[in-house]
């Protein structure tokens, strides 16, 4: 299904639920240009996976803003009440009001509140959110450390460590992930498809995906990530709530860091953590992590000005 809406500078903003191969290719080129100009991605990893033409996702809408047949503005809306929005405009087309037109097109199709991401907290993105009546509701910090590997931390008694085995561990990992992140819907709601898409990515390495077991039951994990020419990443660390407080999380964090620094040769490691998760922030600060940049989420409600 597709609909179009008039805009003053770009002609029309087209809404589609499934991208064609040509549209997906143009969006990828736009995102790559924006990343080069801004020094960071305008759309999250999950959002980029939704751009695949062969992988439509229920509840995802794409807004395309063309100029002379080329997509120069893109927005993605996922979910409802509130929906989550990520958007960008081609660097060469900025300063012409296209970002504002794209935001207005997103708002015009809203059925309830919307959460807008301003990745990197860029001033232009913050201004767009604020001028349309959105208020800051979340700060996601990217923290980094450049340091030697930390000392190894003993696992709790009765816990053993191994690495992820594709074809064997998916169901158990998904169940633990949902349990560990029950209050974090972005992570805790992962499905078989979400996991399979990451496993299919070129960066996936099961040797960097560590699982902790007690009596053959999965109780914790540390999934690391390495991209070409990038730092290592603490991708996800999760612990069964029944194991919290016994040092398992600390031990798993050390396992992943030592893998990235010693085995992969990456002294710089990054991670993401919510600013209001004070306990986790303190743990990472003690490990030598410092704030590198922030992603900001702004919430817009239908009663606000447009």
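Backbone N, Cα and C define each Cβ position, glycine as well.
Just so it is clear, the model here is predicted, and its values are computed rather than measured.
Summarising the annotation, TrEMBL assigns domain 'N-acetyltransferase' to 14-156, 159-306. Here TrEMBL flags 87, 88, 89 as acetyl-CoA 1 binding site. Taken from TrEMBL, the feature acetyl-CoA 2 binding site covers 237-239, 244-250, 277-282.
Sequence features annotated in TrEMBL and their locations in the structure.
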{"residue": "88", "record": "acetyl-CoA 1 binding site", "DSSP class": "strand"}
{"residue": "237", "record": "acetyl-CoA 2 binding site", "DSSP class": "strand"}
{"residue": "245", "record": "acetyl-CoA 2 binding site", "DSSP class": "coil"}
{"residue": "277", "record": "acetyl-CoA 2 binding site", "DSSP class": "coil"}
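Close to the recorded acetyl-CoA 1 site, the chain also has 30, 34, 42, 73, 74, 75, 90, 99, 102: residues not among 87, 88, 89 whose Cβ is within 8 Å of the site's Cβ mean position. Of all the binding-site residues listed (245, 247, 249), 245 has the fewest other CB atoms within 10 A of its CB. When the binding-site residues 87, 89, 237, 279, 281 are compared by the number of other CB atoms within 10 angstroms of each CB, 279 has the fewest. Taken together, the residues in the domain 'N-acetyltransferase' (159-306) have a mean pLDDT of 94 on the 0 to 100 scale. Taking Cα separation as the measure, residue 88 (acetyl-CoA 1 binding site) is nearest to 279 of the binding-site residues 245, 249, 279. Residue 277 (acetyl-CoA 2 binding site) and residue 87 (acetyl-CoA 1 binding site) have their C-alpha atoms 26 Å apart, to the nearest angstrom.
Recorded residues residue 245 (acetyl-CoA 2 binding site) and residue 87 (acetyl-CoA 1 binding site) have their alpha carbons 40 Å apart, per Cα-Cα distance.
Counting every protein chain shown, the number of other Cβ atoms lying within 10 Å of the Cβ of residue 239 (acetyl-CoA 2 binding site) is 24. Listed binding-site residues: 88, 277; maximum Cβ neighbour count within 10 Å falls on 88.
Between the CA atoms of residue 239 (acetyl-CoA 2 binding site) and residue 87 (acetyl-CoA 1 binding site) there is a gap of 33 Å.
Each residue contributes its Cα atom, and for residue 87 (acetyl-CoA 1 binding site) and residue 279 (acetyl-CoA 2 binding site) these two points are 31 Å apart.
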